[in-house]
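As annotated by TrEMBL, domain 'G-protein coupled receptors family 1 profile' applies to 41-290. The transmembrane segment annotation in TrEMBL covers 25-48, 60-78, 98-120, 140-158, 197-226, 238-260, 272-292.
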Amino acid sequence: MEKVNVTLMKDFYLTELSDLPEVRISLFVMILLIYLVTLAGNGAILLAIGTDDHLQTPMYFFLSNLSLLDILCPTVTVPKMLQIFLSEDKRISFMGCMLQLFFLIDVVGTEIFLLAVMAYDRYVAICSPLHYTSIMSKQVCAQLTAWIWLLGFINSMVHTSLTFSLSFCGMNKINQYYCDLHPMMALSCSSTFVPELVLLLVASIIGSGAFLVTLISYIYIISAVLHMHSAEGRRKAFSTCGSHLTVVCLFYGATIATYARSNSTYSPKQDRIISMLYGVVTPMLNPMIYSLRNKEVKRALVKVFRLKRFY
């Protein structure tokens, strides 16, 4: 009898950000503008780093990876959300939902690892400047980048396979504007104990590990900066590290609040707000944070777009 009630779902239905018709157009325009600014800002960073010889350093190599992830993250969810605004067709296929979840977790996991590696890079640059080029060689940077992308892929494969091995029955409306782990588990009519336990363990390990790497790196960085005799050196070091630390706080705070908790505390409205922060708003802010606080990036952008009036 239990088997009869379990149905194989061909489609899921996503939830709009707002059910109010009068704000639908406003939300569509706002999110579209944010998405276009995100593409333009991160695309400009990639172009500047790729064309300026002065930016061919490990820090900017990792920054280019961050910009790429910041393009991919909203691209996984925003186009579908905009299509729903226009057509009001909230359906997403089973395979489409699975792919959306996979790519989203892949990008989020990879970015968490990347931000920890960027903190370590700043630690080496400030605390061991004489050995920086040997420690953070091109080969080491390439290996670290390959590892963080691979770990992000494996992490996503584990969560996606566990989530979509569940049985879904009854209502197939996802209480989120995209396919995510907690909303998908909430639809399951089978036990979510294993995927929920794995999610909590992995999220805690990744979150704690990334936090510890970042925290220890910045403890050493702050100590080294405070012992600098040059005021200009201290200002430059704090400026560079401040940009990264701002991005870390924005991204880690939102992702840990979303994934490092049990399914029993899942709140659809709260999750939609938090997910908008790390999935849509933060990728737009990152290039602004780095470009506005970094003279080298601004100089490269001016050179690329030939905006000499800013000099």
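Each residue, glycine too, has its Cβ placed from N, Cα and C.
Automatic, uncurated: that is what TrEMBL annotation is.
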Decide whether the stretches the transmembrane segment (25-48) and the transmembrane segment (272-292) have at least 3 CB pairs under 8 angstroms, with pairs required to be 6 or more apart in sequence.
yes
May I ask for the residues of the chain that lie six or more residues beyond the transmembrane segment (140-158) and have a Cβ under 8 Å from a Cβ within it?
58, 61-62, 65, 102-103, 105-111, 113-114, 117, 198, 202, 206
